[in-house]
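These notes are about the structure you will find just below.
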């Protein structure tokens, strides 16, 4: 049987991907994904991650953000990561594979966190995109709501939250909720974020317990 022909959109995506300077840089530097440049840019601007901190990384696979965070927190810090997809081990990262939307997975993740509060929660989660905004946007907003709920459970006073959000239905309401829970809230569009993508990162600091 012959392979199905690629669609025009998938061919365009592949060309964009392999021509992408951040993809090329990630490969040259032995990084797990181009996404590391997003968190690196946020870190350079906002200086959120420090030595000895405890970080939770949601939507971690293939591990670019976790790889970056381990270097930032050092030997006395902790990085706890979760993703529905498998992830090759990273020294210093406690990884849980599972669907964050499931209660059992959330309970297991909270068990990994333990009694100590978390300094930063990072979420780069995104649903499998169907290409239909009326389907994709609610799925995306559900994930970011779950990430915010986790903040309410485990984030330390004055802690930080970085979350990828797609602009669209529910975005303004979500932003308002985040602003009610944190002292300072900024919206970042990293240079490495593809210009035609609706994604932005909400960077929130000063969690109010």
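Backbone N, Cα and C atoms are what each Cβ position is placed from, and that goes for glycine too.
If you look up Swiss-Prot, you'll see 63, 65, 83, 99, 124 marked as S-adenosyl-L-methionine binding site. The active site, proton acceptor annotation in Swiss-Prot covers 164.
This view paints the features noted in Swiss-Prot onto the structure.
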residue	record	contacts (Cβ under 8 Å, 6+ apart)
65	S-adenosyl-L-methionine binding site	35, 36, 39, 57, 122, 124
83	S-adenosyl-L-methionine binding site	58, 59, 60, 61, 95, 97
99	S-adenosyl-L-methionine binding site	84, 105
164	active site, proton acceptor	59, 123, 124, 125, 126, 144, 199, 200, 201
Worksheet item: CB neighbours of residue 63 (S-adenosyl-L-methionine binding site) within 10 A?
Response: 24
Practice prompt. Could you check what DSSP calls residue 65 (S-adenosyl-L-methionine binding site) once collapsed to helix, strand or coil?
Written response: helix
Discussion item. So if I draw a 10 Å sphere around the Cβ of residue 124 (S-adenosyl-L-methionine binding site), how many other Cβ atoms end up inside it?
Written reply: 22
